[in-house]
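**Student:** Not my notes, these are from TrEMBL:
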type   : residues : note
DOMAIN : 946-1039 : domain 'DYW'
REPEAT : 300-330  : repeat 'PPR'
REPEAT : 431-465  : repeat 'PPR'
REPEAT : 531-561  : repeat 'PPR'
REPEAT : 631-665  : repeat 'PPR'
REPEAT : 731-761  : repeat 'PPR'
């Protein structure tokens, strides 16, 4: 055997046994013995070693004969392709004069490994020879990968050729079947599949892979169950992944059965067990997933990645971080063991390679998952680990767009915008996912303008997710720029996106936020497959635009099963309307609520709120009791309901129950509680509440605003002023609350001064009404007129406040003119007429009183309860002139006609930390005898000090045994005053809240009682607060 032949044989043996480094050394050591065969072997060794430099060195020494050797040419093509030098591979291929399938196969394989399936199709179209089975197989796979119109046309042409050949091999038929599935041509794919005579595991795997890639998971599972051959690891892996994707009862049953029946041989496969634990995590079966993870003897980064991702998917973020930190230690320990073994065997280069690899042990998936876990947690530990991971990110991961996308998402979740922007700039090839992550980050951090800037900078073709985000950003901003961009985007929406329900739903949401309900309705009609989310967006849009009846109409048209969000919206809609239709629909929805919906705290809380709005307290309390997981919002809704139904005293028990269950109120709950105590309006009770509010909550402006309102409503106006003066940047609510507090307490001039200090841009309807009421209660007519004339938009309540001011000053012509002007463009207002009627009563004008009342009867025939209040005012007018019979007849006639009863006078007072209520002529209190004795004593003192009981305050006939004195001394506020005077010791000041306006007699009597008994008395009636001083004066200056 010659030396050259011997070298050839040695090189072939070494290459066949994969000893490429040794083969290269032998080749380099014997340059004189090189032949085309040995050159071919050397190039193959360089190819496998990815040793570009050595390969090029060999190439430069080749003769022209060797360069024209067909085997060497093929080897060179493979070499260049493996070393990612596609251009030179093309150059070599172009130099081949007689191209064969062997050369095309080398080119096709190389282009496939370089991710260039389009180039394979280009070469295929240039082919002048008939493709063999290898080139056909590769061509089918390339067409499947590209799957555009051109690829489909060429693929179908290849299929036609295939049908004319009866000698097709199964491998070609497998590839053709896979391509057809990728094209979505399932019928022909299954026909080809059936034509494969000797179906093997590769055949089944190919079809399953196609089904999975087309998301036809049920078909993939059917096929797996149909296979009677011994299944490969790849098939098991695919089956586990299919079951994970489906996650339905069938998939869970099959997946668990497969895992239970897995042979010991299969259990040694890390890939199999990794897929199994991924499946179990998708099923939410954490315990079994952890058991499978423990079974894996050689845990690799993919196994750790699946486990960490499973914890993240199941929102067990701390466990994900624990495993991530443990993983680094365990994998490094395994690698150290290997490295020391290399050292023991004097394989120092390999040991060094492994030590360097230890820092790269985590792959892209692990880093991506870890960043996601840190983003989800967002606590100190997560921030520390996440930032450390990012700082130590290996260079190979820094080139991964997916990893960097995950990192910038994490940084955005941490609120670290600056570093997120830095990472964004580092990404060389930004994808739509990168832009999406960045935009979402800006949105999460409420930097909507920046999100819009980025969207406009982007030159890539937008995907559906980006359109959705952009519409949501425009909805959030709602300014001119956002409206312009949002409407332009909608007009230019590509046709394929116009069929996407998610995109159009976000467009509806945006248009509704713009107040463009007409266009929102137009987009809604365009959506062919409307889902509950679409209906939800539409319903919420109507609610946001206060089109509650339209929301009810749409809900009744809806044929889909409602979800929690729809139920919540509809309960709120019915609560807002509160009319007969709304009550009917709301109660029906509640009655038909499924068990699943009844488990939703949010649903039941909004249902309870609705019932409270309907005044159905009993059913609201029943709903509250069935809520298993009561949260702050639930307790808040209950207390709000009691407040709106004048049962604020029930809130005390709710508050105590919250404390019993260790539910700590947040800022919103404290605000509700402060509102509760505002209604109760007892200073000592309010002090008890404030002492329980934590200092960090007391400093919140929302709380300070609520406290100003509370102190004002309970008569402690100096405390309201103190808080007002500590607010660094008063807002609309701050000013409004302070003006109202001063006005209620008869301090009209001070209220006016605060209003003048208020910046014009902060002045709202509430502040304007409050200052007009303050002027009205203090007799500041000229000032009220000046403010009223300055107001550009005169709403019902603003006009009503001015009419009240005129009526109190007996300027009825001006008041009636204002009403007439108002009614030229708007519907009549009951409140305006009541103000006018109240003024006529105070002026003792029976003719005007009857005229106003008759007008009210014709305008508001259905408001029977409110009309009864008018009846009392007219009756009082007659009584004030001594026309008692006329007063009685008027009252009894209209009471019978309206079918309603006179509202009973109620008063509440606070003694020794407890609020006690009394009704007029109350004899039911345990201390009633003592109270009656004290009332007699007070009546005697009043008469001795010149008080004359005012019979005009009585609008009914006296019963047998009654006197004017006994009837008037039976008023609820006088009983409450007497109750305070039987206490030991007697309180230094007395505080009373009354549900009706205080009558003339009680007002005069209380002034005298305060002077005789030398006690400050505060009475808050239906309209204002009266401070009765020891001097015998009242803060209202008798202007009530």
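A Cβ is built for glycine as well, from the same backbone N, Cα and C atoms used for every other residue.
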**Student:** Who are the long-range neighbours of the repeat 'PPR' (731-761) in its own chain, taking Cβ under 8 Å and residues 6 or more past its ends?
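**Tutor:** Same-chain residues near the repeat 'PPR' (731-761) but 6 or more away: 701, 704-706, 708-709, 711-713, 715, 717, 720-721, 724, 767, 770-771, 773-775, 777-780, 783, 787, 1020, 1024-1027, 1035-1037.
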**Student:** Quickly jot the same-chain residues contacting the repeat 'PPR' (300-330) by Cβ under 8 Å, restricted to those at least six beyond its ends, or write none.
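**Tutor:** Contacts of the repeat 'PPR' (300-330) (Cβ under 8 Å, skipping residues fewer than 6 from its ends): 270-271, 273-275, 277-278, 280-282, 284, 286, 289-290, 293, 361-363, 365-366, 369-370, 372-374, 376-377, 381-382, 385.
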**Student:** Please list, for the domain 'DYW' (946-1039), how many residues fall into helix, strand and coil according to DSSP.
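**Tutor:** The counts are 32 helix, 16 strand, 46 coil.
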**Student:** Counting only residues 6 or more past its boundaries, what in the same chain has a CB within less than 8 Å of a CB in the repeat 'PPR' (431-465)?
**Tutor:** 401-402, 404-406, 408-409, 411-413, 415, 417, 420, 424, 472-474, 476-477, 481-482, 485, 497, 500, 502-503
